[in-house]
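J.: Pasting in a structure now, in structure tokens, and then I'll have a few things to ask.
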């Protein structure tokens, strides 16, 4: 069955805009100048009203949509923006109607054999009423050579607008202006009417009073005057309720209103039986520490003043550091979201939404990857599949994959994932699969058939498992496939060049011919990104912008599947639509700072604003997949609840897979995610940790929250006053309305002046207001002052066209951020290797709040390095970023008054904690030095000292027990965290301080490499990576501390035994102190041992030499009292 060509009466609403552009051939030479034609939708007027949108769109619109979706767009600085229609993206076949490379029936033109384009239902797109099957290429040839005559019926084609779509292919798009043109004149937009302008008139019914003043609940439920007695929405338990005492037949409408409004989230306070003692013990411990330090200062050890001085300074710093860490933990809370209320509010039929379409706002999901060698494409593909199958309205979801390496391997792996998704996603929806990552799902060790009630589940699972195995084979074979393909094409090019050289008969030597070893795509064209063999304009730091829509934007109507003949899976009752999937690789050129991951994220923010403009953004690393398909809905509950307009992001905890059962190196980091982050949630909100975070787009743009809370109380819980922000109650807005930009002096900047900060893409600027409006909560309660009317987001999105994608190419060009505020106040913030913490800090500093969302079922799962070397390098990167923050203007000491006091303390601790390593290393050497010299940090072990020490220890243990109680972690996890705190503090944190100081003082930049996510060489061992140990200088300090303490214990015991003056009290104190250090370093020692003696010999050599040298030096300098010989009275015979 085919969809016939129909010419709608709305064609009069289409105006053609021509733009002069250069038409370049495949060699890149300017040979002609042509006219590229684009279509722009004119807003309706009283004399020009559009027809109702039907499922069958006009043929020209569908072809333009498919052309924009099925083409790979490239461009950049001083380059034309070109669109190449992809005949084949992946080697695997795909029959899903939403796939960009899906083709219909064969072309009926003799000798062609091409495939017809298909619409959103998978039906052939036909150009003539006679139903003659002709592909787009043959149709273009017919328009050019035959005067637009159909080869079938010999009549002219009816829809001449098809010429616009047919003539665009391989047409050069406008060249961005160079730097010599003023930036305000460098207009990027090919269409003057962006999404905002196109939607402006459609939203004219959303008046100002409807959004800010009108009480929708009264209008919705007071139905006597308009509909008489009774209502389809009336609660059944209130009908004919005579006891209500109301004149209404169905009860009191006000009571009904109060019953209907429900909050989307609830705050669960920690039990006072736990929290009150917890706070009391914190106070007691603080008092004991104060008395102890006072006593220590007043009672020096005259025999070893230097040892006493070192220990006292370290103890004072430890007390200060503990206070910074403990104060933000005073107000921990828990939260819970109600998904049933979310569905009732946004997806239930109502007078404004009789069809029950989803009124949820759109969401753009960002997945970032940079190196397919260290981040396997199969891992990224599984993450993409979990996103495409998430439980969220399909038409509201878009997924953007940022390939910062511009690798063809990642591109084709994503194409394979998009192809496999047409089977995997419907299978997940049909059988409620969890998790929706195929690799994790098929690796589950529990019973896969538990709670499955459909009789065909076993058969379907077996078939999908077989298809997934084949999918894995194809993805894993891509590197060899690309290499063989490129070698074949390069050999062909060499043969052609050799033939040309022979035909010319020149005297030039053959060696003078330079033929680049290009990387070739599946359709026989050059890959515009990074080549396997680097070449000019095709290397990791020098390549063009690339945008490829791999899965087209879905229609807003459900699309039921059929019984597939190839897989024999019944999908007749399953919605087979897929969310839009876009591959993005930003332009990189020498001389431009690419700003690593932060720059890639900002490029995605701009590209997504042009193409889909979801008001909310979810950021995921390529190895973090969605483990709970309803996690996005839970996050949206907080964003759309009362007061949600002031929430900048919702941070989910990170959970990891593949960690050894003992969690030797504290990879789960549960103390941070379940203790510190829950506690921060009771203040201004948790910090941003780089992944698993749901952002409000307008907060990323650097604007202030609608209601700014000025903090004037000590603990940020009182004396708050609010100032309103100018808002836009409707999409159509006037020039006197403005959004407040995030400046410390509360300066309000008009939306029409912000191109200075956002760049001069008019489509990007126009999208800001729309994103702000769509991200508001529903105005369904009188207390919601900054909401939107119900049913405002049920309309379908605008289709993609070539001009829109071309604009996306422009905004991800390397020069776009010049003289803008991207990376400074807008988007992800530049200047630190931990751009995530800085970005979250800037939002909190403007007065935004954040939420910590702990779901019953983990929201996301990821991988973490379980071997010691990679773990230390990971901690080194985090600590280095903290040092950079401390020496920058992002230091919490310089925070504005909008940040709460305890929140400022938390951020101050983030910047200070690496400096604790200096005092920690000194303190770890103190017991060894004490044992070598026979002295101790106190002159004698007095009862006062022991009482203080006992009090500090008991309060520490009680705090740990109570933290375990209210956070839900295990005591073993708390102890593992303490151990790795000392391991990291004596290794990576010290190196971070040194590197940070070098960067601040000497300007030496710090570079970090990606952590490899591949497995170990033992395929049969799940934890093979645990035993991998590579040499790093970070191991030297803790190894030296460990060996010195061991040697010091042996020397001290020997000295005390053979000494004439036995000081057992000093020995016991020093030995206990040393054992405390060694107990914390036990996981480090176990990691050095490995499984098969893999520890590098150089580690033992250097550590042993340093330890022995220092030990002998101290023993020689300070021999046992009463004897000048080291061995005391003991002598060899």
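The backbone N, Cα and C atoms fix where each Cβ goes, glycine too.
These figures come from a predicted structure and were not determined experimentally.
According to TrEMBL, the protein has these features:
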- 404: active site (ACT_SITE)
- 836: active site (ACT_SITE)
- 368, 374, 375, 404, 596: UDP-alpha-D-glucose binding site (BINDING)
- 597, 621: Mn(2+) binding site (BINDING)
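What's the neighbourhood like for these features in this structure?
T.: For residue 404 (active site), the same-chain residues 6+ apart in sequence whose C-beta sits under 8 angstroms from its C-beta are 368, 369, 370, 585, 586, 594, 597, 600.
Within the same chain, residues at least six positions away from residue 836 (active site) with a Cβ under 8 Å of its Cβ are 687, 688, 689, 690, 828. Reduced to three states, the DSSP call for residue 836 (active site) is helix.
Annotation for residue 596 (UDP-alpha-D-glucose binding site): same-chain Cβ neighbours under 8 Å, separated by at least 6 residues, are 833, 835.
A sphere of 10 angstroms centred on the C-beta of residue 597 (Mn(2+) binding site) encloses 20 other C-beta atoms.
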J.: Quick check: in three-state DSSP terms, what is residue 404 (active site)?
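T.: The residue in question, residue 404 (active site), is coil (DSSP, three-state).
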J.: Work out how many Å separate residue 374 (UDP-alpha-D-glucose binding site) and residue 621 (Mn(2+) binding site) at their Cα atoms, rounded off.
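T.: Residue 374 (UDP-alpha-D-glucose binding site) and residue 621 (Mn(2+) binding site) have their Cα atoms 13 Å apart.
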J.: What's the CA-CA gap between residue 621 (Mn(2+) binding site) and residue 375 (UDP-alpha-D-glucose binding site) in angstrom, rounded?
T.: 10
J.: Near residue 374 (UDP-alpha-D-glucose binding site), how many other Cβ atoms are within 10 Å of its Cβ?
T.: 14
J.: What number of additional C-beta atoms lies within 10 angstroms of the C-beta atom of residue 368 (UDP-alpha-D-glucose binding site)?
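T.: Excluding its own Cβ, residue 368 (UDP-alpha-D-glucose binding site) sees 22 Cβ atoms within 10 Å.
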